[in-house]
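The feature 4-carboxyglutamate is assigned by Swiss-Prot to Glu30, Glu34, Glu37, Glu40, Glu41. As annotated by Swiss-Prot, asparagine amide applies to Asn72. If you look up Swiss-Prot, you'll see 1-25 marked as signal peptide, on the strength of similarity to another entry.
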Amino acid sequence: MSGHTSVSFLLLSIVALGMVATVICSCDSEFSSEFCERPEESCSCSTHTCCHWARRDQCMKPQRCISAQKGNGRRRLIHMQK
């Protein structure tokens, strides 16, 4: 019975480490694969903020969020002028 418990614990540990590695890797990038609901919501990466933009609110670095929002405004203005 203890052999079964050891295998279960080992598998659970591997899955948990994989999830932690995914979060750590995505914190280095400008954009996260994590989506959020509201701009005040916290992201799992301390370097990312919840950014509201055209497609869907997404966690990203603050500077990238500012660039994305400026780009969306410019595209919207060009579309309205046509």
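Every residue, even glycine, has its Cβ placed from backbone N, Cα and C.
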- line: Here the Cα-Cα span from Glu37 (4-carboxyglutamate) to Glu30 (4-carboxyglutamate), rounded to a whole number of angstrom, reaches 19
Task: State the count of C-beta atoms found within 10 angstroms of the C-beta of Glu30 (4-carboxyglutamate), not counting that atom itself.
output: 13
Glu40 (4-carboxyglutamate), number of other Cβ atoms within 10 Å: 8
Task: Taking the Cβ of Glu37 (4-carboxyglutamate) as the centre, count every other Cβ atom within 10 Å, in any protein chain shown.
output: 9
Message: According to DSSP, collapsed to three classes, what secondary structure does Glu37 (4-carboxyglutamate) have?
response: coil
- prompt: For the modified residues Glu34, Glu41, which Cβ has the most other Cβ atoms within 10 Å, all shown protein chains included?
  reply: Glu34
- prompt: Roughly how many angstrom lie between the C-alpha atoms of Glu40 (4-carboxyglutamate) and Glu30 (4-carboxyglutamate)?
  reply: 19
